[in-house]
Amino acid sequence: MASFLLSALTITLSSLLASCDVDVPVSNHWSGGFQGNACIAITEKLTHWTMHLRFDQPIVNLEVWTADIANTSADKTEYVLTNKAWNGVEQVGDTVCQDFLGHGTGDIIPKITASIEEISGGGTFTVGPTQPQVVTTQGSTVTYAPGESTPVPVTQAPGLSTSVPVTQTPVDVPTGDGYPGTLSVKQDWGQRFEGEIDFLVKENIEGWMANITFSKPVTKMDIFIGDTFAHSQDGLNWIVVNKQDRPFYKPGDTIDMRFFGNYNGDTGAPTASAVLYNLGVDKNWTVTSPPNAAGSKYNYDELLMKSILFYEAQRSGKLPANNRIPWRGDSALGDKGANGEDLTGGWYDAGDHVKFNYPMAYTSVILSWGLMEFKDAYEAAGQLQWVKDSIRWPLEYLIKCHVSENELYIQVGDGARDHSYWGRPEEMTMPRPAYKIDASTPGCDVAMETAAAFAAGAMVFNETDSVFANNLLAHAKTLWQFALDHRGKYSDSVPAAKAFYPSFNYTDEMCWGSMWLYKATGDDKYLTEAKKWFDPAADWAMSWDDKVVANQLLLFEATGEDVYKQAVIGTFTDWFPGGSITYTPKGLAWRLQWAPLRYSSNMAMMALLAAKEGIHTEEYRHWAMCQIHYALGDTGFSYVVGFGDSFPHMAHHRGASCPNPPAPCGPQIMSSNEPNVHILYGALVGGPDKGDMYKDERSNYVMNEVACDYNSGFQTAVAGLRSLLIAGEHPEQTGHATCPYTSA
């Protein structure tokens with residue numbers, strides 16, 4: 001039996017060597033949040049450090065990635081950060097930088113100062129386990145460190161036992177081509193030796209594994225730049241993976257694997273050969289793009305296929321047998337409600353692993369709407385069943401969340417804890433609390449949003465799965481009544497959601513949910529209720545928290561009344577050139593610094609839907625096409641991952657950035673300038689600033705975040721453009737394809 005002992009680590013504390021305060025600039029700000037980067041020059045060597053961030057106003061929540069939040073003042077004006085295990089040592093002349101995201105109320109531009117202290121000398125505390133534990137998995141005896149999750153079976157080389165606590169991510173010991181190395185014995189003391197194996201690499205490496213074969217049994221290895229992952233029972237074969245802070249190498253670099261090893265007997269140290277494998281590449285997965293059957297400027301069929309793949313990469317829970325994302329596995333199988341209710345499934349919201357039901361339900365409505373309006377596009381692209389599967393995934397989860405008549409879970413996962421973790425969803429160990437609304441803590445906005453998702457889903461599945469559709473509609477009706485009877489913003493009832501997806505008001509959701517119940521049932525009581533909540537003002541922007549223009553259009557569709565049509569026209573008059581919206585030099589309707597492509601794509605979708613209802617048909621279609629084509633490459637750059645020749649390679653997404661297991665992932669991956677290991681096909685990133693400038697940096701979550709709601713309006717608009725090609729009414733076919741759009 002292989003035994004992996006992890007001894008306790010003792011750290012001594014005493015004096016604090018403090019730096020002077022430095023001013024910290026706010027690099028970006030928006031309603032509800034801001035971004036900063038605190039950088040402090042190091043004048044004395046540090047081995048463990050603490051950074052103090054001080055604000056001139058309360059900060060509700062702070063997110064950091066390359067440090068841990070150790071303490072927060074009672075008034076929320078000071079946050080104390082401590083180094084990660086891998087970045088505590090800093091030399092004179094180094095600079096410690098901490099990128100962070102703060103949340104609060106309003107458009108926040110706080111004054112910020114920072115200082116750093118070294119921890120050294122004094123009393124003691126203990127970190128880490130003191131004894132190994134043993135479990136048995138499918139007949140193999142496995143040792144793992146206390147406090148880690150229990151291992152699951154992995155694909156192993158014959159005779160190997162493993163101690164790595166991988167939960168569900170598939171792990172393969174590589175075979176075939178790699179980088180060869182031969183053992184050089186530096187010293188031999190009899191039964192213990194010092195060795196070195198050098199590997200000359202010829203490509204970028206982001207995480208590695210070495211397979212070492214010894215000529216005689218080795219009983220222990222202590223490696224400077226790696227950790228033992230597994231070894232054969234006879235001690236002849238050892239698998240080593242890189243340490244967390246040693247994943248990156250460039251072509252021409254030599255990986256010097258120095259180690260101490262133990263062996264039995266007195267006949268001298270063993271010889272060995274080894275092969276090192278790059279775990280930072282997707283060598284066994286390619287996505288074949290469908291042909292551009294319509295002959296359009298951009299291949300809409302490819303975009304629909306890849307956007308659906310993005311949603312598959314976002315799946316939480318037990319993955320289906322037809323999972324097409326090989327770097328994803330089962331995850332968050334312990335998600336439960338307060339009384340043990342099964343809350344597994346659904347989508348991870350963005351590049352993180354929280355399940356925020358408010359934007360998830362919205363995304364489901366938009367995808368369902370797009371499928372109903374542009375079904376011919378999905379059929380032509382060969383994606384009809386895939387998009388139905390995509391829509392069904394969150395709906396089944398949302399049904400689980402509606403645990404009783406007036407009780408709805410609306411979030412799983414703590415945003416602050418989740419955002420401090422950079423790793424694979426399959427390996428999460430942090431607590432994942434679930435939050436709900438009920439009669440005493442209402443949230444009619446998210447209740448109506450979920451009712452809308454159920455009603456739209458019922459329409460999608462009515463013909464092919466009437467049992468599922470009827471269940472969805474029953475839940476929709478119950479939630480609609482719950483929202484009607486218990487008013488209030490959900491983010492007031494659930495503070496955990498407020499820092500991430502706060503609700504501005506619930507008036508638009510009351511109209512939105514009622515309209516979808518009307519569309520699904522034809523019952524006039526829902527239309528009557530929707531009319532009470534009609535807002536004729538020009539819409540700020542269609543989004544997960546703003547459905548004003550969608551309500552205007554749905555009411556016009558249902559009634560044909562001019563008041564609703566004029567409201568739609570008023571919205572687009574404000575959005576078109578000459579209105580209040582900023583346009584970039586290259587033609588993007590730029591609403592907000594955070595994810596402008598989300599808003600332009602959502603409004604392009606609404607323009608296509610309005611055109612379908614006969615509202616300024618030619619003009620709206622032309623404008624919508626130009627907005628989508630901006631995202632697809634009209635500027636020379638595609639903002640869709642994996643589409644076109646030049647696209648983002650460092651989307652802010654944990655799972656996509658991590659090397660293949662068992663190589664460790666962590667904050668060092670997030671802060672690196674290396675491309676994501678896995679191509680997150682189909683994901684739409686946030687987009688450029690108002691001068692068309694864009695930085696493909698993983699740490700720049702303002703420009704490079706991805707999210708389920710970003711893709712929903714975008715995918716629907718692409719489907720709308722594909723549908724126009726089928727009908728012969730696309731702007732490219734009608735002579736109105738000049739972009740950037742100027743004015744009618």
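Here the Cβ of each residue, glycine as well, is placed from N, Cα and C on the backbone.
For H652 (active site), other Cβ atoms within 10 Å of its Cβ number 25. The active site annotation in TrEMBL covers H652 (among others).
For D696 (active site), the same-chain residues that are 6 or more apart in sequence and have a Cβ closer than 8 Å to its Cβ are P648, H649, M650, N704. Sequence annotations record features per position, and here TrEMBL assigns active site to D696 (among others).
What TrEMBL lists as active site is E705 (among others). Sequence-distant neighbours of E705 (active site): residues of the same chain at least 6 apart with a C-beta under 8 Å from its C-beta are A350, G351, W594, A595, A651, H652, V685, G686.
The annotation compositional bias 'Low complexity' is assigned in TrEMBL to 162-175.
Residues or ranges marked as domain 'CBM2' by TrEMBL: 20-108.
Under the heading domain 'Glycoside hydrolase family 9', TrEMBL lists 300-717.
Annotated region 'Disordered' per TrEMBL: 143-178, in sequence order.
Under the heading signal peptide, TrEMBL lists 1-20.
Secondary structure of the domain 'CBM2' (20-108) per DSSP, as helix, strand and coil residue counts: 0 helix, 57 strand, 32 coil.
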